[in-house]
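Here's what TrEMBL has on this protein:
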type	residues	note
REGION	1-81	region 'Disordered'
COMPBIAS	29-39	compositional bias 'Pro residues'
COMPBIAS	53-64	compositional bias 'Low complexity'
TRANSMEM	87-108	transmembrane segment
REGION	119-139	region 'Disordered'
TRANSMEM	148-169	transmembrane segment
TRANSMEM	181-198	transmembrane segment
TRANSMEM	204-223	transmembrane segment
TRANSMEM	248-276	transmembrane segment
TRANSMEM	288-304	transmembrane segment
TRANSMEM	311-329	transmembrane segment
TRANSMEM	349-369	transmembrane segment
TRANSMEM	381-400	transmembrane segment
TRANSMEM	446-469	transmembrane segment
TRANSMEM	481-508	transmembrane segment
Amino acid sequence: MADVKTYPYPPADASAMQPMLPGGSSSSPYPPSAYPPQPSSGDPYNGKGVAGGPATAPPGYGTPNEPIVQGPPPEARFQPPNGPQDLWAAILFVIHFLGFGALTAYALSQINWSTMRRKDAPAPAPSTPNSGSGGSGSSGQGIDFGTAAISAVIVAAIAAVCASIGYLLLMRKFPKQLIKLTYFLTAFYFLVAGGFMLVFANAIVGGIFLFCAALNILVYFWIRKRIPFTAVLLSTVADVTAQYTGPIWLGIASLLVELVYAGIFTLSIIACSIVFNGSESNNGRLTGTMYIVWVFLVFSMYWTTQVCQNVVHVSISGVFAAFYFLQGSPAGMPANPTMGSLKRAMTTSFGSICYGSLLVAIIQTLRAVIDGAKKNNDSPIVAFIICCIDCLLACLQGILEAFNKFAFCQVAIYGKDYCRAAKDTWQLIKDRGIEALIADSLIDNVLGFGMLLCAGITTLVSWLVYAATRAATNAPAVSGGVDVALIIVLITAAVLGALLFGLLSMVIDSGVTCTFVCLAEDPAALKATKPELWEKIRITYPEAAFVSMYS
């Protein structure tokens, strides 16, 4: 093996070089001969190096055929966190959530649920029965949720799981073909929608759709060179998802938590509207007290939902980061990477998650307030100004959500505080933002098509099972011509299909984002631990395979 190249100064403490990965340990997750990326103090290809020192070289990992390159001290990056990060944001979130709980408990305790009024409100006048509207016509038939409906929903749930697994296999085996197919299906949708609008509806809207179709086709010739690289990412992430199912179970658990929270929030908003608005409402307008309560509840809903989603995103990203750095290294994968990553997301990195989520929640709350003002305003000038402000906030929200997706990967990998993660994410966007956006857009097409396909399959299966079961049991024909039970079954099946595939797409999306961040941060780690995958990346995306974005 060739001699080791060194810099004139001693290497930094090894503990400062290591990313914090699932399990909360910073003890040498890299291979022993590995070194982290170099900071942005030198360009490895133009002969310029650190001021006063020799020319730097690309970050590398020692192999039998290559020398080890020891980079400059990386104290500016990859330092493990000293205790909880952004603790103030975590404390603020807990205080706000306790306030939400106290407000909800107070409002629920003040309601007479038999009358749906405040306990101290006068009893309503007894209602007079309406003989004309009663009778057997309104209560005789009802909705038949019998064997057919129950069987259809159960089989639809099974079909949703099978369809999701089948689509995952397609992403593993045929990623490139799937990316191209879904991209052109998007253009085809715009083309069909534009033609329909031109013939049957608004010509201007139809022209916009046709323009989008033409733009999609033109953009394809610009991004087609990135499709092989995106296909490698998608196939790799699908393989990891099939190998480590913990993130999918975590997604299911988070869905249950969010459903419980949605139920509590619904009760809270109903109870507060009765307690704080009561009889003082004026033509549906909120009282001053209720308006303040409403703003707080909306803000709480947005912040809590963002925190739940980002905890899952950080936890999933930690699993894929562990695969990137540890799979194939002497250290090996942790025994349970999902639980280790979730533990860190709920402890040392929870404040950073709350911080980033708070920024998005504030914008969402402002948009909700502006939307309410828009509905209660009759002035066209004011309405135009409000629409412009709402449009700007919508753009800002979209940018911040996309930014947070990459920033939280930095939090998951290295345990950085939010501000430091944001700075490094900005560096990533400046250096490789176009590649990230292209990969994200192409994979969003694949996942969006998969969700529609899964929902369509479950809807079709539920209809077939419902019809077959009714025929097998000789069920009577539905009176009135409208089978309400069938409509509910079809809607339920479609929602089940979309939700179950949504869990899978959430894992894939987080995995692709995290893998891209890892590749931009330290491509040499991939070469050391997974040379075959590194070779695929080198062929499809040479810019990423040789040098860190910080070099």
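Count begins at 1; order follows the chain as displayed.
Every residue gets a Cβ built from N, Cα and C, even glycine.
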What residues in the same chain, six or more past the boundaries of the transmembrane segment (446-469), come closer than 8 Å to it by Cβ-Cβ distance?
147-149, 151-153, 155-157, 159-160, 163-164, 167, 171, 178-179, 181-182, 185, 234, 475, 486, 489-490, 492-498, 500-502, 504-505, 508-509
Same chain, outside the transmembrane segment (148-169) by at least 6, Cβ under 8 Å from its Cβ: which residues?
238, 241-242, 450, 453-454, 457-459, 461-463, 465-466, 469-470, 473, 475, 485-486, 488-489, 492-493, 496-497, 499-501, 503-504
If you count every Cβ pair below 8 Å, which range out of 204-223, 288-304, 311-329, 381-400, 481-508 shares the most with the transmembrane segment (349-369)?
288-304
Stretch with greatest number of CB pairs under 8 Å, the transmembrane segment (248-276) reference, 288-304, 311-329, 381-400 candidates:
288-304
Could you tell me what the rest of the chain brings near the transmembrane segment (381-400), counting residues at least six beyond its ends with Cβ under 8 Å?
359-360, 363-364, 366-367, 370-371, 373-374
